[in-house]
Amino acid sequence: MQNARLNLGPLLFNWDSGKIRDFYFRIADEAPVDRVHIGEVVCAKRLAGKDYLPEVMDRLTAAGKQVVLSGLALIMDGRDQQITRDLTELADDYLIEANDISTVSLLRGRPHAIGPFINVYNEATLKYYEQGGATHISLPYELPETSLQALSAHAESALEVQVFGRLPLAISARCYHARAHKLSKDGCQYVCDKDPDGLPVTTMEGQNFLAINGLQTLSYSYCNLMAELPALTAMGIRDFRLSPHDVDMVRISRIYRDRLNDRLSSPEANDALEQEMFAIEFSNGYYHGVAGREQINIA
Amino acid sequence: MTSEKTPSKLELVCPAGTPAALRVAVDAGADTVYLGFRDATNARNFPGLNFSVAELEEALDYAHSHDARVLLAVNTYAQAGNDDAWTQAVDNAARLKVDALILADIGLLDYAHRAHPDLRLHLSVQASASNPVAIQHYVKEFGVRRVVLPRVLTVPEIKSLNQEIDIETEVFAFGGMCPMAEGRCSLSSYITGKSPNMNGVCSPASHVAYIQQGRTLTSNLAGFTINSFGPHEQAGYPTLCKGRFTANDETGYLFEEPTSLNVTGILSELMAAGVTALKIEGRQRSKAYVREVVQNFRQAIDQAARGEGGKIAMDNLSEGGQNTTGAYDKKWM
């Protein structure tokens, strides 16, 4: 698995600017990742006042990381559309990851990336995006092993699969963080900043269920495809995404890198991960064609 | 931009889960009915519902002889390595000359446009096209003639959108209210393993259980408690985004109340916004329900076209007896 690439997906949560800057500086200096996604995917309002991006991009580039700029997942009003046009104007200098068809449309004919919020479920769709200039495609997390195999057999682009972190299950026009705090979306007071990994949602009987993050609904469990890495690389997938959380992502990325470099076995790597995040529930169900929340133990 | 929109009267697009429901909808005044094949190619893949190829042929005869149109929904995403059912559905739609085909998958849109250039294509809500650039992309690439808008836009946003696109818009008018952007929601598959995009189902009945404990009735989906009802409460179906959950130590309808969308009170605004067609949900509903909703909407649309108006009470047909205008009204957000 030596030629695998380890990539850090976009930060989905509303951390304050100082914390985000420090996070990326440390990623630049210490994390064994190849590519780092920067940008706001969930809520355009969160971009207000965040002027640290150029500094972070310079630091990451200087450290030898490829910087990718990720776009919004749900583009509705004029502000969202303007942010998207501004983003795509940077396509000559940076790889842009589209998470909405309008972003794909603006990037067509130039090299670009397709993010996991774009529905790529079959070969015909994969071909359509590749013919339009997509060089990197991050596949929907819902796909089972059989679909990943079929797509990988036909892909000319670099295919990526998320192997760590809560899964972004849904997005809405409605802000659930604001609603949970009895605020309107317009007057949200940015309350999503209270939950750096999302606000846990349990059932009435206390079962762990989901997590909310502004307009987004995440899985309660953290996807972990550590044990599936050999099968994924065997089918030709080379790019693996870690979705950032409020844990030691440098340490997490080192564990995945050590597994990819065969310095750790799968059980050793999973033990290390569980020590790092001992109270966390992991899941790999989607890969195995069952409910996404399930954890299937494989040898 | 040029427009083929003529919003003098809204087109009433009604559900047909079965051949019998189709005849009821047409007889009750539907301008158009939409339906799907009896397999994973359509987003209401429920047991006992939908049409065979032969039944579609009969449905087209019946509808056309009553001046109604038939739209075929092939609105799930084709399976990798095994897309035959989806391409066959497209080929059958073209051969039988449906009035339009409703698609979401970009690979299938590409196939349909190339293989059957004369077939009228509508963009399904499952494609989640919520802005003018996205919609125009489907127009330019595949010749799409109508877009079913996601339930994420306000009426002023729909009006502004209609001024920037050159195809028809269809909006949801009555029935179940998805609070999430359609085609981008995996809540169902995370809990049950079955998804709208891949399997055509959300919160499937095969995973539902009701459990009576003392005076409390609990509704379950795949082992998760979705809601709980006291002796005087009406127990609803456990669609998972419409259940009661706990966050921040508070329990309630975190995502959406069990309520129905009803736009009869804002028909004139939707007409003024340039909307072409209204979509009624409910392919899984009874013939009696379809008849009553279609008759009510026929009356409401005809009144609105004459400049008369007012909300039509259909609370007895609504989930939980409650109605909402959802995202069409900014307060919902």
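Note that Cβ sites are derived from N, Cα and C of the backbone, with glycine treated the same way.
Summarising the annotation, TrEMBL assigns [4Fe-4S] cluster binding site to B:C178, B:C185, B:C202, B:C241. The 10 Å shell around the Cβ of B:C202 ([4Fe-4S] cluster binding site) contains 23 further Cβ atoms across the protein chains shown.
Annotation source TrEMBL lists region 'Disordered' at B:312-333.
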Which of the binding-site residues B:C178, B:C185, B:C202 sit near chain A? With a CB under 8 A, the answer is B:C185
Give me the count of other Cβ atoms within 10 A of the Cβ belonging to B:C241 ([4Fe-4S] cluster binding site). 23
Look up B:C202 ([4Fe-4S] cluster binding site) in the DSSP assignment and report helix, strand or coil. coil
